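**Student:** According to TrEMBL, the record shows the following:
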TRANSMEM  B:46-65  transmembrane segment
TRANSMEM  B:85-103  transmembrane segment
TRANSMEM  B:123-143  transmembrane segment
TRANSMEM  B:195-213  transmembrane segment
TRANSMEM  B:234-262  transmembrane segment
TRANSMEM  B:282-300  transmembrane segment
TRANSMEM  B:312-336  transmembrane segment
TRANSMEM  B:366-384  transmembrane segment
TRANSMEM  B:396-419  transmembrane segment
TRANSMEM  B:439-465  transmembrane segment
TRANSMEM  B:492-512  transmembrane segment
TRANSMEM  B:518-538  transmembrane segment
Amino acid sequence: MFTHIMVPVDLAHTGALERALAVSADLAKQHGATVTYVAVHAATPGAVAHTPEEFSEKLAAFAAGQGSAHGVTAQSHDVVSHDPSVDLDDKLMAAADEIGADLIVMASHVPGLADHLWPSNGGKIARHFKRSVFVVRGE
Amino acid sequence: MTDESANQGIPAPEGASDIIETDYEIGQDNIETKIGPFGLDIHNPVFLISGISIVLFVFYTLALPEQAGGVFTWLFNFVTQQFDWFFLSAGNIFVLFCLLLIVTPVGKVRLGGAAATPDYGYAGWFAMLFAAGMGIGLMFYGVSEPMSHFGTSLGGIAVGEDGMRTDWAPLGGAEGDVEAAERLAFAATIFHWGLHPWAIYAVVALALALFTYNKGLPLTIRSAFYPILGDRVWGWWGHLIDTLAVFATLFGLATSLGFGATQANAGLNELFGIPVGPTTEVLLISGITAIALISVLRGLDGGVKILSEINMGLAFVLLLFVLLVGPTVAILTGFVEYLGAYLQYLPALANPIGREDVNFEQGWTSFYWAWWISWSPFVGMFIARVSRGRTVREFIICVLLIPSLVCVLWMSVFGGAAVEQVVADGYTAAQDAPLELKLFKMLAELPLAGLTSLIGIILVIVFFVTSSDSGSLVIDTITAGGKVDAPVPQRVFWCIFEGAVAIVLLLSAGGLASLQSMVISTGLPFTIVLLIMCWAIWRGLRAERNA
């Protein structure tokens, strides 16, 4: 049913991704799909890396680690954004189109009051993305 | 190189760039928490200290307005009058340093490493750095400053009883000589808006861009101090530098937002008869802040960039209009002549010692230099943010030479048209009008005055929006320890905070003026900071060339 699953990741907060990572790996195995781990980041130095190149390497290493841990075919794809806080959703959806993903599996928090003002990234992508989206919430 | 997997913060050199190795991990001092439903990612303690001290300063100014006013005015006079030689000398050093960078081999170094490609095309990049740098100032001073110098030059020299000059004419003035007064007036104006201010911005922007994109340090002011302070920049020295930068940026923005509102109000009154008063001004600040908020929420590319491009387009249309409809030949010959006059008078105007025109030198030049320098952390950081991928040579040419030329053109067109009105037609409404109305009075003499004045007001308002927006981004980045991906509510907070401070100061008597004096006074410590930055840039670029 699915051939290419995209999993957005935040390398600075991988702890919050555990459930989404497990779900995506299960689905990939079940459908024989490829998993692409996608991250959006700025070109400025951040907590994860000091250069965009270093970031790409870390993401590739992360993807390789996930691939061998779960036994799935894993790739990585990183997107440089001028303003990641704001552009995240659009960049992720553009990336999904670019790599040809037919399913996005992404972690999100439990919706609260703030979501009325700032919808969560997962919520926004589920609403606007043209193909399937699996939003994996907290506990 | 240390094992990467062990510590995420250890940088890996990529391509030909010379990354600084430090154990500091970007964001290690940050607090990630939630206030109510909003997630935060803020630097501890810079965010809190900046926020609290800003509130305390506002309270101090409100609670003891006379005392605060006295203290800040004294400080301001002390700084601009006692250190005029220092500001002027430093300004000259910045210009020479930038010109040196263009011609030396280090000009080949690319910001972001040898393989980096520019983040923005020329049009968008230039529009943004111009809008952040001085868009709003050109609206207000484009007509008024040349006219002011023209009047004082024509008036000639007056000497007081103590033998000191009491006139405000630049250099020796040009008593009774209209043509010479015009040349001197434009030379002086271009001096204040040309190479020197842009060299100040270029130094700060280049230092930040270099240490961020090539050396892997966080995008905050403290990073430029790494060559001097070493790992101490991550401690209290760095907190102090960053807090000072936040302070200068926020108060600089809030005070100009407050003054801008008074000026926009005067313009609206002139055009549409909208009443002048605190109600209109508060509404204007709220409106500008609201538009800035929308722009902030749309991000760098969807907000500031688009608005800057629109504004540059509008400004260009207005410029073309005045050029074509106004005295075209006089303006065009003026452009060449004023540029020549600038080069001719530059050595005398830039001379820091033994000046006789003390009023002009301290009241105008020294004031301007302190003003540009106090704005430089904000503008420099914003320029750095959008300049990745340019070579140093390209960067300096585009941040120093091209904006200077645009300023010459702008002053020649707007100031030239206004001066021509006085000289050729004897129309003195623009000359007699208060500062905020001079542009509109000049436009009133030309056809389609209603439309062009409206464009003028839109330009003023949108330039304020871009300042407020880019200022919020800069403050948010500094107070998030150099992270540009901090949660959006934080920059919304700074944007609103800035508008609120402006409103509070506006409603208090003299609050705006006294805090503005204080902001300009921060130019003095920052001048030393900038001189150190020149040295740091030079060292950094040399290391980069050898990488």
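Glycine is treated like the rest: Cβ placed from N, Cα and C.
TrEMBL annotations: computationally assigned, not manually curated.
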**Student:** Is it true that the transmembrane segment (B:282-300) and the transmembrane segment (B:85-103) have 3 or more CB pairs under 8 Å, sequence gap of 6 or more?
**Tutor:** no
**Student:** Spell out yes or no: are there three or more C-beta pairs under 8 angstroms between the transmembrane segment (B:312-336) and the transmembrane segment (B:85-103), with each pair 6 or more apart in sequence?
**Tutor:** no
**Student:** Most CB pairs under 8 Å with the transmembrane segment (B:439-465): which of B:85-103, B:234-262, B:492-512?
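**Tutor:** Ranked by Cβ pairs under 8 Å, first place goes to B:234-262.
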**Student:** Okay, the transmembrane segment (B:518-538) and the transmembrane segment (B:396-419): do they have at least three CB pairs under 8 Å, pairs separated by 6 or more?
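**Tutor:** The transmembrane segment (B:518-538) and the transmembrane segment (B:396-419): touching, no.
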**Student:** The transmembrane segment (B:492-512): which same-chain residues, six or more beyond its ends, come within Cβ distance under 8 Å?
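**Tutor:** Result: 51, 54, 58, 61-62, 65, 69, 250-251, 253-255, 257-259, 261-262, 278, 281-282, 285-286, 288-289, 292-293, 296-297, 468-469, 471-472, 475-476, 479.
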**Student:** Would you kindly list the residues that approach the transmembrane segment (B:123-143) from elsewhere in its chain, counting only those six or more residues past its ends and only Cβ-Cβ distances under 8 Å?
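**Tutor:** Distant Cβ neighbours of the transmembrane segment (B:123-143) are 189, 193, 197-198, 201, 256, 260, 263, 304-305, 307-309, 311-312, 315, 378-379, 382-383, 386-387, 398-399, 402-403, 406-407, 410-411, 413-415, 418, 430, 435-436, 438-439, 442, 456, 459-460, 463-464, 466-467, 470.
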**Student:** Using a Cβ-Cβ cut-off of under 8 Å, list the residues of the same chain that are 6+ residues beyond the ends of the transmembrane segment (B:366-384) and lie near it.
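**Tutor:** Tertiary neighbours of the transmembrane segment (B:366-384) are 79-81, 83-84, 87-88, 90-91, 128-129, 132-133, 192, 196-197, 200-209, 212, 219, 221, 245, 248-249, 252-253, 399, 470-471, 473-474, 477-478, 519-524, 526-527, 530.
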**Student:** Should anything in the same chain at least six residues away from the transmembrane segment (B:46-65) have a Cβ under 8 Å from its Cβ atoms, list it; otherwise answer none.
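**Tutor:** Same-chain contacts beyond the flanks: 239, 242-243, 246-247, 250-251, 475, 478-481, 497, 501, 504-505, 508-511, 514-515, 518.
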